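*Asks:* Supplied in C-alpha cells, the structure appears directly below.
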Amino acid sequence: MNIGQRYGWEFALAVLLVMEILLFGIANPRMLDINILLFSTSDFICIGIVALPLTMVIVSGGIDISFGSTIGLCAISLGVMNQADIPMAAAIPLTLNVGAMCGIINAALILYTGVNPLVITLGTLYLFGGSALLLSGIFGATGYEGIGGFPQAFTDFANLTLLGLPVPLAMFIICVLVFWLFMHRTHSGRNIFLIGQNNKAAYYTAIPVARTLYFIYSLTGIAAAIAAIVLVSYFGSARSDLGSSFLMPAITAVVLGGANIYGGSGSIIGTALAMLLIGYLQQGLQMIGIPNQISSALSGALLIIAVVGRSISLHRHQIRGWMQRRRNQKLPS
C-alpha cells in the first residue's frame, strides 16, 4: 500500500481544513490572523485531547461515553483537594489517578459482565456525574457552581505559551505524537487493531485482550483528567459540568477522522485533523455571526457528508463494478 492510499483520508481532511480556514478568511479576514488561529484552539482543544485515546477505544471495538462525566469528577476532585490545602504538586497527580480509576472501572465492568460497552459507560456516565455533583454539594458548591480559590500560578498555566504556541495546543500536539507512535509503531498498538477486527481470534492467538482494554480505557480516563486540569486552569474554577458538552464533538472527530465505529480501523492523525476541522468550523461560523444552533446543525451535516464520502471511497471498487454491471444489462444483446 503506497502513501497516497494509506493516508488518503488524512490528506483529504488536511485539504478541507485549509479550504475551511481560507473560506472563513474571505468572509472575515480576522480568521486568517495567526494569533487568532492559534489561541482560539483553547476553546476546543481539550475535546481533542480526549478524542485521541477514545480513537483507540473505538478501534478496539468498544466505546466510552462516560468521559464527559469523568472530566467533571476530576475537576471537582481537584477543587476539593485545593480546598483541603493539598499542594497542587500533589493534587494534580492525584487527579490523574482519579481519571485512571474511572477508566479501570469501565474496563472491569465491560470485561467481567460481558455487557455492551455502550450500556456500561452509559451507566458510569451517570455514576461519575452524580459523584461529581455529590462532592461539589458536600463542599459547598451546590448545583453547577464552581470551586475557586486556585493559586495564581495554576490559573495562569492555561494562558502560557510554549515555543509560541498556547500550552493547551502544545499539549495536544505532544499527545498526538505520543499516541500516533504507540498506536501505529508498537506491537501493543497493533494489538488494538487486531482486537477490533476479531475479538475472539485475538483471544485464541494469545493477545492480552484484557490487559489491552484496561490500558486504553484507563488512558481515556487519564486524558479526561488532563482535560479537566487544563479547563480548571483556563476558567479559574472547578465545575461538575465542564465536560458535559464534549461527547458528540469527540465521537464526531473520531468517526470523521476515519475510525470504523464497529472497530478494526482508525487513525490518530485523522482524529487530530478532524478535531481541528470541527473546532475551526464552530469558531468560523461564530465569527461571521451564525447562531450556535445553526453551527451545530452544520457540524452534524459535515459528519454525515464525511461518513458517506468515506464509505464511497472505501467501497469505490464495488460501486464501480455494480455500475458496470448495470450498464452491461442495459446494452442490447
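Cβ atoms here come from the backbone N, Cα and C positions, even for glycine.
The following feature annotations were taken from Swiss-Prot:
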type	residues	note
TRANSMEM	7-27	transmembrane segment
TRANSMEM	45-65	transmembrane segment
TRANSMEM	70-90	transmembrane segment
TRANSMEM	91-111	transmembrane segment
TRANSMEM	119-139	transmembrane segment
TRANSMEM	162-182	transmembrane segment
TRANSMEM	212-232	transmembrane segment
TRANSMEM	240-260	transmembrane segment
TRANSMEM	261-281	transmembrane segment
TRANSMEM	288-308	transmembrane segment
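Show me how these features fit into the shown structure, please.
*Replies:* Within the same chain, residues 62, 64, 66, 70, 73-74, 77-78, 81-82, 117, 120-121, 123-124, 128, 210, 213-214, 217-226, 228-229 sit at least 6 positions outside the transmembrane segment (91-111) and bring their C-beta atoms closer than 8 Å to a C-beta of that stretch.
Sequence-distant contacts of the transmembrane segment (119-139) (same chain, six or more residues past either end, CB-CB distance under 8 Å): 63-66, 68-70, 72-73, 75-77, 79-80, 83, 102, 105-106, 109-110, 113, 145, 147, 239-240.
Outside the transmembrane segment (162-182) by six or more residues, the chain places 38-39, 41-42, 45-46, 48-49, 52-53, 55-56, 188-189, 223, 226, 230, 234, 268-269, 272 with a CB less than 8 A from a CB of the stretch.
Residues 46-47, 49-50, 52-54, 56-57, 60, 62, 64, 67-68, 70-72, 74-75, 78-79, 92, 95-96, 98-104, 106-108, 110-111, 150, 157-158, 167-168, 171, 175, 188, 191-192, 195, 238, 242-243, 246 of the same chain lie 6+ residues outside the transmembrane segment (212-232) yet bring a C-beta within less than 8 angstroms of a C-beta in it.
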*Asks:* Could you name the stretch, out of 45-65, 70-90, 288-308, with the greatest number of CB pairs under 8 A to the transmembrane segment (240-260)?
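*Replies:* Selected stretch: 45-65, with the most Cβ pairs under 8 Å.
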*Asks:* Out of 7-27, 45-65, 70-90, 288-308, what stretch is closest in contact terms to the transmembrane segment (261-281), meaning most Cβ pairs under 8 angstroms?
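*Replies:* Ranking 7-27, 45-65, 70-90, 288-308 by Cβ pairs under 8 Å to the transmembrane segment (261-281) puts 45-65 first.
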*Asks:* In the same chain, who gets a Cβ under 8 Å from the transmembrane segment (288-308) while lying at least 6 residues past its ends?
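*Replies:* For the transmembrane segment (288-308), the far contacts come to 24, 27-28, 249, 252, 255-256, 274, 277-278, 281-282.
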